[in-house]
Amino acid sequence: MSATEPTKEPAKEEVAEQSTVAQAQVDGSGEPANGSPLTETEYKVEVKLADMQADPNNPLYSAQSFEELQLSEELLKGVRNMNFRKPSKIQEKALPLLLMNPPTNMIAQSQSGTGKTAAFSLNILSRIDLSRNEPQAIALAPSRELARQILGVITHMGQFMEGLKTMAAIPDPTKRNQRLDAHVLVGTPGTVQEQLKRRLIKSDSIKILVLDEADNMLDQQGMGDQCTRVKSLLPKNIQTVLFSATFPPAVINYANKFAPNSNVLTLAHEELTIEGIKQLYIDIDKDQDKYSTLLKFYGLMTQASSIIFVRTRRTAEELERRMVAEGHKVAQLSGALEGQDRDRVIDQFRSGEAKVLITTNVLARGIDVESVTMVINYDVPTMADGREADPETYLHRIGRTGRFGRVGVALTFVHDKASWQQLHDIASYFKTDLHPIDTSDWDNVEEMIQKIIKSSRAGKSTKEMTEMITS
């Protein structure tokens with residue numbers, strides 16, 4: 001399926017802590033466990049400066065090394081400890097602007113898995129005054145899982161900053177009355193808003209507010225309102241930083257109001273998809289055959305780790321029930337689970353105890369598990385109406401694999417004219433090619449996907465990877 005390919009009829013004719021660090025530290029230019037260097041596909045980050053006095057010719061405007069950023073030795077030690085060797089493209093552009101004094105706001109967009117978390121974490125940690133034992137920075141995320149992951153990265157990166165305190169602000173009935181007095185707080189908008197209103201968070205000294213997956217939070221009426229209320233409860237002169245892989249037009253105007261006079265870093269649509277992710281689709285006769293087709297991929301899914309994305313909680317629960325009943329080991333996570341159960345499931349997945357995770361869009365954004373080599377879109381991502389394609393969610397889903405130079409496979413199931421058209425619309429939006437899988441020989445399908453997964457580097461040319469798929 002290509003962006004220009006005409007619509008065809010398919011064969012025949014539900015809505016949607018620290019333990020994370022070892023997995024999340026691929027969020028920069030580093031080295032994997034085996035010591036071989038990673039590569040980052042070239043892409044262009046467009047920079048729009050709010051402050052016209054900022055000098056693009058200044059050598060610090062584009063930092064080629066972390067040392068150039070004049071970070072403290074404690075922070076540099078933390079960066080090296082996480083195996084970061086040099087800034088990624090987004091870090092190279094964003095960090096000099098984030099670290100300027102006086103601080104300026106930022107709206108930054110970059111591909112999934114390219115170092116956004118490390119960028120805003122370094123900015124947060126660079127501005128913390130350890131002599132003051134009170135909250136100075138808040139980072140918000142749309143899910144507890146992502147909040148815990150970000151907290152782990154910040155804690156690990158700042159491990160050599162003596163006296164640094166970090167805390168999570170996520171739903172927990174046992175800690176509802178706990179005072180949050182750490183230097184850095186990472187949480188979900190609803191919990192942070194409640195704790196601020198109840199004065200369990202002292203806001204006087206907070207100077208940085210970060211929204212990760214900002215477009216997702218600002219675009220949701222409830223969560224967007226919560227983010228706005230959080231900001232209204234903070235000092236007026238705080239630095240506001242918005243990060244995401246996507247900023248659709250409907251959100252960008254609101255983002256500009258939420259973070260006024262921002263430096264803006266953006267990508268074109270066609271630069272958002274990641275070279276190391278091989279995007280495939282499989283045309284299935286009918287919806288009822290999707291489950292049996294999914295089972296054919298179970299062996300491949302368990303060679304490393306895989307995520308199966310579905311549209312509804314009901315589908316997630318049903319897939320888990322059927323697969324477990326047939327002897328397959330899988331885990332399931334959706335918003336229907338209690339917080340502690342969600343923590344248990346994601347920790348099992350990170351540790352490799354569970355290699356296959358069935359989930360809804362609750363985990364489509366930001367979650368970084370290094371071992372994920374395959375993402376399956378059991379349901380094509382759509383808008384709330386279930387009819388219109390959702391390109392941004394597709395991008396975030398497949399971005400759970402192919403993290404920072406690694407290779408991954410994204411496989412989407414289509415089963416009727418509507419789902420085929422939705423996927424075609426997604427391909428057109430990103431101006432990218434999606435390759436069909438020939439299911440006449442399942443042994444050949446398995447061999448082809450194994451070749452892709454076992455590729456040592458995402459730096460293989462598109463031509464080489466396409467030949468693997470089509471040969």
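Quick reminder: no glycine exception, Cβ is built from N, Cα and C everywhere.
Residues or ranges marked as ATP binding site by Swiss-Prot on the basis of sequence analysis: S110, Q111, S112, G113, T114, G115, K116, T117. Annotated compositional bias 'Basic and acidic residues' per Swiss-Prot: 1-15, in sequence order. Taken from Swiss-Prot, the feature domain 'Helicase C-terminal' covers 276-453, and the record attributes it to sequence analysis. The region 'Disordered' feature in Swiss-Prot is assigned to 1-39.
T117 (ATP binding site) counts 27 other C-beta atoms within 10 Å of its own C-beta, drawing on all protein chains shown. Other Cβ atoms within 10 Å of the Cβ of G115 (ATP binding site) number 27 in total over all chains. The 10 Å shell around the Cβ of S110 (ATP binding site) contains 25 further Cβ atoms across the protein chains shown.
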